[in-house]
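J.: Provided herewith is a single structure, encoded as structure tokens, for subsequent inquiry.
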């Protein structure tokens, strides 16, 4: 039985949409932690800033006036764009003033860039083929930036020998997402999707290897920190009782 290439591509695209949605939602535990603690701690906004502009660029690429028959590209990246807006809003709410200002102006710059690009391509560039070539080339750069954005976190992991601030599920689903969209691009060759996603697969695999390498040392550090916190609390409790003792004696 011969499977139609378009059917196969659509099926893989649907799988890619599901995995990409899980990828976009995978940092949810991180942002629940941020929301509860009212602090972004040492979490980096870079992956979410990179994903924000990446999704916006791919929505533009998938429009009928740029690259027809790419509805699956539009649906998942439009959804991802909405999710990243929520994440970045939380970063703006719970960052310190310096970081908040930095994140705000980066987001503003990204919005202005995509708006100018959209206006110029749709107004001055004739034909879908030329539009797809221009937007697709820029999308490749955006996608590579999204996959490469955790490199700053990987540097922190190697320095601290801890993966506490590199969410596991973000790395895992980045890997699965890269694999699925690489397959999608190979079924009907699309270099603009293939190049960044194949590279992203390799980078995400490197993150998973780092996670495996430093998982035990992370657990040990967290246990030591928790034990130290308990000792400090116990010392405070004891010193509090000692401080209260003279007042009890004076009453007697």
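Yeah, the Cβs are placed from backbone N, Cα and C, and that goes for glycine too.
Predicted automatically and left uncurated, TrEMBL annotations should be read as such.
I grabbed these lines from TrEMBL:
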type     : residues : note
TRANSMEM : 12-34    : transmembrane segment
TRANSMEM : 46-65    : transmembrane segment
TRANSMEM : 71-94    : transmembrane segment
TRANSMEM : 103-126  : transmembrane segment
TRANSMEM : 132-153  : transmembrane segment
TRANSMEM : 165-187  : transmembrane segment
TRANSMEM : 193-215  : transmembrane segment
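Neighbours and distances for these, please.
T.: Remote same-chain partners of the transmembrane segment (12-34), defined as residues 6 or more beyond its termini with a Cβ less than 8 Å from a stretch Cβ, comprise 40-41, 43, 47-48, 51, 72-73, 75-76, 79-80, 83-84, 86-87, 90-91, 94, 167, 169-170, 172-174, 176-177, 180-181, 183-184, 187.
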J.: Quickly jot the same-chain residues contacting the transmembrane segment (103-126) by Cβ under 8 Å, restricted to those at least six beyond its ends, or write none.
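T.: Same-chain residues near the transmembrane segment (103-126) but 6 or more away: 45, 49, 52-53, 56-57, 60, 65-66, 88, 91-92, 95, 134-135, 138.
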J.: At a Cβ cut-off of 8 Å, and with pairs 6 or more apart in sequence only, do we get at least 3 pairs between the transmembrane segment (71-94) and the transmembrane segment (132-153), yes or no?
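T.: Result for the transmembrane segment (71-94) with the transmembrane segment (132-153) is no.
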